[in-house]
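Visitor: From TrEMBL, for reference:
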type: BINDING; residues: S80, E99, A100, V293, E461; note: FAD binding site
type: DOMAIN; residues: 79-482; note: domain 'Amine oxidase'
Amino acid sequence: MKEELFKNYQKRLNALEEDIRDVVLKYAEELYLNQKCSKDEAIDRAIARAEIEKRKLQSVVEVDHPSIQSDVLIVGAGLSGLTAASRLEQKGLNVLILEARNEVGGRTKTKMLNSIPFNMGGQFIGKRHIRMQNLCRALGLHLTINKLNKPIAWFSGNKTWVRYLPPISLMDAAKCISIFFKLNFMARGINYEQPWLSQKALHYDSISFETWLQKQNVSQRLYDLMKGVMEGYANVPMADISFLHALWWISRSGGVIRALQNGTKMTVTEGAQSISQALAKKLRERVFLNHPVTSIEQDDEKVKVSTKTSYFITKYAIVTAPIGTLHQIDFYPAMPESLQEMINTIEAAKASSVVTLLKSKKEIFSDVAINHKVFPLAWRDDALKLKGLTLSDDLPEAEYPHALSSCFTEQQDNVEAWAMENWGNNPYFKGTYIVFRPNQLTKFGPLLRQPLDRVFFAGAERSSWVNNMEGAVESGELVADLAMNLLIERKPI
């Protein structure tokens, strides 16, 4: 069976030493069949694991530099990882950060178009995002208040309206207000620190936001517009949003209107990725780029973190890689089945971001577009900068900037430059942020912050601000404090 599956890889397999070839085939078959990864990925990961097994037998490791001891080693140089590292370093602890890619920033990515910064990933800072505001000030970065003064372009069916208020009847307006009151009332009963412990959590988690909205007997137009808003914010189809997750978001934000408005209050003038770049600059030689972690082994005294060429010895490890990518790391001892199930089940939103730089300023009719056929949500960062989030992969890539321009009645010949980031196809992230589907939050929520002895986990999806940069920083701070508490009065390795 193994040879049949991987017969096209015989040349690579024959190049391996005989004593590890069987290990590679056995593990590759297991990965391919059970975790449904590609054959290429299965072979790569199987070879990495076989090399680890070989080193165990030989008790010898060839590295590109000596093994390094540290108090805490952090996997991932995004906002969570760098926040944790900075907090630990300020307390005088020896910290190292391993980043798989050749840049820091995680899901905040700033791309320059004609020397102008465009945010391809997370970008917004809300009025209640105190950690993010304080962090930017401490790093000497600037915040731009988003002033959306123009009307909204509303799309429903084949019609478009440009107006401040949604194009709905008085009856629909009354229904919309009623829905907001209901959502706010239910959200007040949600424990935003641990929503799965809320009184009606099981019931709310058993249905999708779509199912709940359909029961409100709204008109098709109101349904379409609310669908565009929810899918634009969540980056997933409304049927895939747990109603409990939606209430969690509303509860944490302080109500529906605050969730819609204040969550997009500010952006970092220099670009969101500049936050991570500034943090990494302060940490200097402690950050190792191009170091994808292949395995994490631990015993009662230490943790051994291995890459393809090196290993590092540390007292504790903090893993900030997104949940959907953790299957790329082998853990010894193995993860409990419950955590393994969570990793194999939870998926990040498969959205793409598109940005467009316009050639010239023309009359601006709208600042935001809702429920466009390609972009559930799109907006202007300024007069010449457009950004949209799409769940679609139906168009040729070159057509997306023109579709984005059409959200704002801009002509195709007014596009100076554009860029697209398909987060779902990015192997380091497998999507944007986590949106829990029905029945996932109550099942896996209690596991999100659960450590594995000396290994901790952090990330926006493990915080109370689940879909925000604020959550990434919050999670990094909390897990750093946990590690610090455990290091108190402990002797060196």
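Each Cβ is built from the backbone N, Cα and C atoms, and glycine gets one as well.
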Visitor: Which one of these binding-site residues, E99, E461, has the sparsest Cβ neighbourhood, judged by other Cβ atoms within 10 angstroms?
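Guide: Counting other Cβ atoms within 10 Å of each of the binding-site residues E99, E461, the minimum falls on E461.
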Visitor: Need one number: mean pLDDT over the domain 'Amine oxidase' (79-482).
Guide: 93
Visitor: Over all pairs within S80, E99, A100, V293, E461, the annotated FAD binders, what is the largest Cα to Cα distance, rounded to whole Å?
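Guide: Across S80, E99, A100, V293, E461, the two farthest Cα atoms sit 21 Å apart.
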Visitor: At a 10 A cut-off on CB-CB distances, which of the binding-site residues A100, V293 has the highest count?
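Guide: The most densely surrounded of these binding-site residues is V293.
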Visitor: Can you see whether DSSP assigns E99 (FAD binding site) to helix, strand or coil?
Guide: coil
Visitor: Hey, does DSSP put V293 (FAD binding site) in a helix, a strand, or just coil?
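Guide: In three-state terms, V293 (FAD binding site) counts as strand.
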